[in-house]
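> According to TrEMBL, the feature domain '3-hydroxyacyl-CoA dehydrogenase NAD binding' maps to 4-182. Residues or ranges marked as NAD(+) binding site by TrEMBL: Gly9, Ala10, Gly11, Gln12, Met13, Gly14, Asp32, Glu91, Lys96, Ser118, Asn142, Lys273. Summarising the annotation, TrEMBL assigns site 'Important for catalytic activity' to His139. Among the features that TrEMBL reports, domain '3-hydroxyacyl-CoA dehydrogenase C-terminal' is placed at 186-281.
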Amino acid sequence: MIKNVGIVGAGQMGCGIAQVSAVSGYKVHIYDISADRIEAGLATINGNLARQVSSGKMTDEERKKALSLIKGSADLNDLSPMDLVIEAATEDETVKRKIYGQVCPVLKADAILATNTSSLSITRLASATDRPERFMGIHFMNPVPVMKLVELVRGIATEEGTFSSAKQFVTALDKTITVAEDFPAFIVNRILLPMINEAIYTLYEGVGSVEAIDTAMKLGANHPMGPLQLADFIGLDTCLSIMQVLHDGLADSKYRPCPLLVKYVEAGWLGRKSGRGFYDYRGEVPVPTR
Ligand SMILES: CC(=O)CC(=O)SCCNC(=O)CCNC(=O)[C@H](O)C(C)(C)COP(=O)(O)OP(=O)(O)OC[C@H]1O[C@@H](n2cnc3c(N)ncnc32)[C@H](O)[C@@H]1OP(=O)(O)O
Ligand SMILES: NC(=O)C1=CN([C@@H]2O[C@H](COP(=O)(O)OP(=O)(O)OC[C@H]3O[C@@H](n4cnc5c(N)ncnc54)[C@H](OP(=O)(O)O)[C@@H]3O)[C@@H](O)[C@H]2O)C=CC1
């Protein structure tokens, strides 16, 4: 029975998962290497919950209750009482493997370890843990409090009990589940990221400006965000990692990452989270960078 949920990585996804878990009554502990990140993450969660109170979707009592269920620290040992730990650190296999090496010795023998990876092989990540049978993918969508879907992905060794516990947990968060096989980028990102990459090629080849491309897809295809706006929202580093996993994993040149995406990431222009990507977010309103 899952009661205590640990989160590794206090970024946009880790904090979103922490928020919805606490709102559903789970005790949550967020771990990140940076204490400042945890503090910023808790402030974001508080802001999100306060907005829900002002819009009448939650009472102030409920906000306080949810906040009281969330703790955070930069000490890995605090994850030891957890029944389920969801790793939501940077989309980089080396980083994730290193985290599993550090986290596994701290966890209870029967604890489930899950990853929120957007694209990486669950079976390969499981091999870096001491518990492949209690390891799987629980892939939330961004922004977690708003998006209804969660993809569940089994690795080759994932036991049925692990899968059913994860399913029960995700259902308790009032999310809808789809099950994806363990192939590069699963379902959503296998389809979404090539579309975003194509939008970046469209920009790179001068077919349209940032604004023209986003307006075209918002008004011409009824997408809630333009593809370049969405890329900035996801994070351009994450978009590039996903395209690299698709390109390497499926060995098809149709997945080659656009050189302009590579250039933006090399410049540290990672989108909203770094203040600049296809738009510059440092002023009052986002301004296209091309
Ligand atoms: C990369 C991966 O591995 C997988 C992925 O996640 S891919 C990305 C998937 N996500 C998407 O495609 C998102 C596409 N965009 C959208 O659906 C919408 O633009 C959006 C839901 C993000 C915002 O919707 P909107 O109507 O433009 O904005 P807005 O009216 O301000 O917000 C709607 C609600 O969302 C909430 N919201 C918006 N952004 C939020 C955020 N970042 N965090 C938390 N809540 C947020 C708002 O508070 C608001 O809530 P209430 O209705 O309770 O007031
Ligand atoms: N962005 C999105 O739309 C979605 C992302 N995902 C996946 O979720 C995961 C997280 O993405 P996202 O939240 O966007 O990324 P962010 O960059 O917002 O957050 C990642 C966090 O992990 C931290 N981190 C890095 N290394 C470690 C470590 N060794 N131990 C603990 N924490 C660490 C980072 O700290 P620092 O910044 O200091 O390095 C940062 O706080 C990725 O696997 C991504 O693919 C899944 C669905 C949607």
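Every residue gets a Cβ built from N, Cα and C, even glycine.
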> Measuring Cβ to any atom of ligand 2 with a strict under-6 Å cutoff, which of the binding-site residues Gly11, Met13, Asp32, Lys96, Asn142 qualify?
Gly11, Met13, Asp32, Asn142
> Can you check which residues sit near Asn142 (NAD(+) binding site), meaning Cβ under 8 Å from its Cβ, same chain, 6 or more apart in sequence, and list them in order?
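Set apart from Asn142 (NAD(+) binding site) by at least 6 residues yet with Cβ under 8 Å, we have Gln12, Met13, Gly16, Phe233, Ile234.
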> Does DSSP put His139 (site 'Important for catalytic activity') in a helix, in a strand, or in coil?
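In three-state terms, His139 (site 'Important for catalytic activity') counts as strand.
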> Tell me the residue counts in helix, strand and coil for the domain '3-hydroxyacyl-CoA dehydrogenase C-terminal' (186-281), as DSSP assigns them.
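Counts, helix then strand then coil: 65 helix, 4 strand, 27 coil.
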> I want to check the contact list for Asp32 (NAD(+) binding site): same chain, sequence separation of six or more, C-beta distance under 8 angstroms. What comes out?
Val8, Gly9, Ala10, Gly11, Gly14, Ile38, Gly41, Gly72, Ala74
> Among the binding-site residues Gly11, Met13, Asp32, Asn142, which have a Cβ atom lying under 6 Å from any atom of ligand 1?
Asn142
> Among Gly9, Gly11, all listed as binding-site residues, which has the most CB atoms within 10 Å of its CB?
Gly9
